[in-house]
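Presented below is the structure to which this report refers.
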Amino acid sequence: MAERTFAIIKPDATRRNLEGPILSVIQQNGLRVVAMKKMRLTREQAEGFYHVHKERPFFASLTDFMTSGPIVAMVLEGDNAVARWRELMGATNPENAAEGTIRRQFAEGLEANSVHGSDAAETAAFEMGYFFNAMEITG
């Protein structure tokens with residue numbers, strides 16, 4: 001059964017015009033983009049999106065980074081979309097990411113790791129709703 005997940009192409013990747021190569025990986029691996037928008041997050045939007053990390057020591061640098069340039073927010077759909085997207089992204093730390101994963105290919109570092117993905121279906125539901133309303137998601 002088709003599942004949906006949320007994905008972001010982060011500012012380090014948009015700065016290097018990697019949207020196309022990353023979208024190719026997504027589409028070549030059985031996921032469909034059913035919603036997409038390019039935008040620049042405000043401080044408030046970034047802090048709201050990453051609110052679960054508010055007490056963590058990296059919160060300020062993460063929100064600074066995520067507001068440093070445009071992002072591409074997406075809803076992806078396909079069989080086991082959450083797990084499949086996480087597999088395609090690779091480990092959070094690109095040094096630990098498997099060969100052929102997006103982070104191994106494109107990431108600049110731990111924070112500037114090119115992409116974000118929901119870690120569970122419940123998280124995906126919140127994250128999709130944060131960026132898209134139901135009318136913006138096709139499928």
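Just so you know, glycine gets a Cβ as well, placed from its N, Cα and C.
Database features (Swiss-Prot):
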type	residues	note
BINDING	K10, F58, R86, T92, R103, N113	ATP binding site
ACT_SITE	H116	active site, pros-phosphohistidine intermediate
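Considering only the recorded positions K10, F58, T92, H116, the Cβ with the fewest other Cβ atoms within 10 Å is that of F58. Sequence-distant neighbours of R86 (ATP binding site): residues of the same chain at least 6 apart with a C-beta under 8 Å from its C-beta are G117, D119. DSSP assigns F58 (ATP binding site) to coil, not to a helix or a strand. In sequence order, M89, G90, A91, T92, P94, A97, N113, S114, V115 are the residues near R103 (ATP binding site), counting only same-chain partners six or more apart with C-beta under 8 A.
Around N113 (ATP binding site), taking its Cβ as the centre, 23 other Cβ atoms fall within 10 Å, counting all chains. Counting in whole angstrom, K10 (ATP binding site) lies 7 from H116 (active site, pros-phosphohistidine intermediate) by their C-alpha atoms.
Comment: ATP site residues K10, F58, R86, T92, R103, N113; largest CA to CA distance 21 Å, whole number. Calculated from their C-alpha atoms, the gap between F58 (ATP binding site) and the residue listed as 'active site, pros-phosphohistidine intermediate' amounts to 16 Å. According to DSSP, R86 (ATP binding site) is assigned to a helical segment.
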